[in-house]
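J.: Would you mind keeping the following structure in view while I ask a few things?
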Amino acid sequence: MSCLASCCASLTCGLCTSVASGVTRSSARLAYCGLFGVSLIVSWVLREVASPLLKNFSWINTSDNLSKEWFQAQAVLRVSLGNFLFFGVLALIMIGIKDQNDRRDSWHHGGWVAKLVIWVLLVALMFFLPNGVITIYGFLSKFGAGFFLLIQVIILLDATHSWNDSWVAKDEQKWYVALLVVSVVCYIATFVFSGILFMWFNPSGHDCGLNVFFIVMTMILALAFAVIALHPKVNGSLLPASVISVYCAYVCYSGLSSEPRDYVCNGLHNKSKAVTTSTLVLGMLTTVLSVLYSALRAGSATTFMSPPSSPRSGEKKSLLASEELESGKGSPEARPVSYSYTFFHLIFALASMYSAMLLSGWTSSSESSELIDVGWTSLWVRICTEWVTAGLYVWSLVAPLFFPDREFY
């Protein structure tokens, strides 16, 4: 039996090694995204089983009055801290890489067995730290998560402007028609969805002025985007305005749906406090996809994060082209790196803080330990994110009027 176990362990190790090597040759970015996805799964699993396990650690269980929610938050924060340190150290190591002749370029793309071992050790060691360290990290994570949300908004703005520019550059009538159709559909979706929000979060017979204010403000912002973008003095377009409007409506919905389940104005969830496994899975999957897309987009975009020696925006490469550049295919000359490795790892470090805040309810207790990202803190984080998004988009439109010599998107 011991021989069989040894053989299985050896085969598993060999399989992990070959898989890691194969993924690396294709694209380091995908491998890092996969590792980050694994960290989120580990956080979620430990969140569900943390309470009975952590009670056995005397340096963690220092009081008899600690709740189940507290132990769940401790598990999530400790995994997040290990993840943050892993990507944070990589971000520091990769500072200043300009071309692929730099030795550190191979560190970014290779050595995956060593990286996996280091990541596991870091996460494990976090469970031996005193509670005070985790408390400080939890406090700092709120600011790190906010900064990640800000970067996420900038990435969205960059993506919408790039989408609009790529279709306009084709200079064909069918693409102009496509721009108009997509814009109109997005605006119709925005106002229809806002109407649905009125039905869900403004139930009859209750005074839900705060919810009404949030929804009406979302509709006003959507109209303001169109008016400002189409103003003769503003070099704007209806497509980015419509996409940002849909995003703001979605963020408003996610904020309102984060209201406590016993709040009378939360008509979507107040009739049922039980959360099914499928609902939790769907919510977690949405979070994972959102975080991974932001990190991947941040590593691929070139408008505001590329190293000085890399190509400028407008010369964006497809993912396949970037993979060939990363793997060393092409010209034998020294090639500049296709994206900023430091910024890429920094995105993952901040995303670790953001995911920890989601899974721990922004370190504030909720009415149920089974609920993810529910509470007044989550609501205000979402609403503030919507307003910051609106402010940044409007600024990207009007800033050229005040600073005509600078490029904003």
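Just so you know, the numbers here start at 1 and follow the chain as drawn.
Just so it is clear, glycine is given a Cβ too, placed from its N, Cα and C backbone atoms.
Annotation source TrEMBL lists region 'Disordered' at 302-334. Look at TrEMBL and you will find 28-46, 75-97, 117-140, 175-201, 208-230, 236-253, 274-296, 339-359, 379-403 tagged as transmembrane segment.
Give me the lay of the land around each of these features.
T.: Counting same-chain residues at least six beyond the ends of the transmembrane segment (75-97), those with a Cβ under 8 angstroms from any Cβ of the stretch are 36, 39, 42-43, 46-47, 50, 53-54, 104-105, 107-108, 118-119, 122-127, 129, 134, 137-138, 141, 144, 307, 337, 341-346, 348-349, 352-353, 355-356, 359-360, 363.
For the transmembrane segment (175-201), same-chain residues at least 6 beyond its ends with a Cβ under 8 Å from one of its own Cβ atoms are 164, 167-168, 208, 211-212, 215, 218-219, 222, 226, 237-239, 241-243, 245-246, 248-250, 252-253, 256, 259, 265-268.
Using a Cβ-Cβ cut-off under 8 Å and counting only residues 6 or more beyond its ends in the same chain, the transmembrane segment (208-230) has close neighbours at 187, 190-191, 194, 197-198, 201-202, 236-238, 240-242, 244-245, 248-249, 252, 255-256, 264-265, 383, 386, 390, 393-394, 397-398.
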J.: How about long-range neighbours of the transmembrane segment (379-403): same chain, 6 or more residues beyond its ends, C-beta under 8 Å?
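T.: 145-146, 149-150, 153-154, 156-157, 161, 214, 218, 221, 224-225, 228-229, 233-236, 240-241, 244, 247-248, 251-252, 254-256, 258-259, 357, 362, 409.
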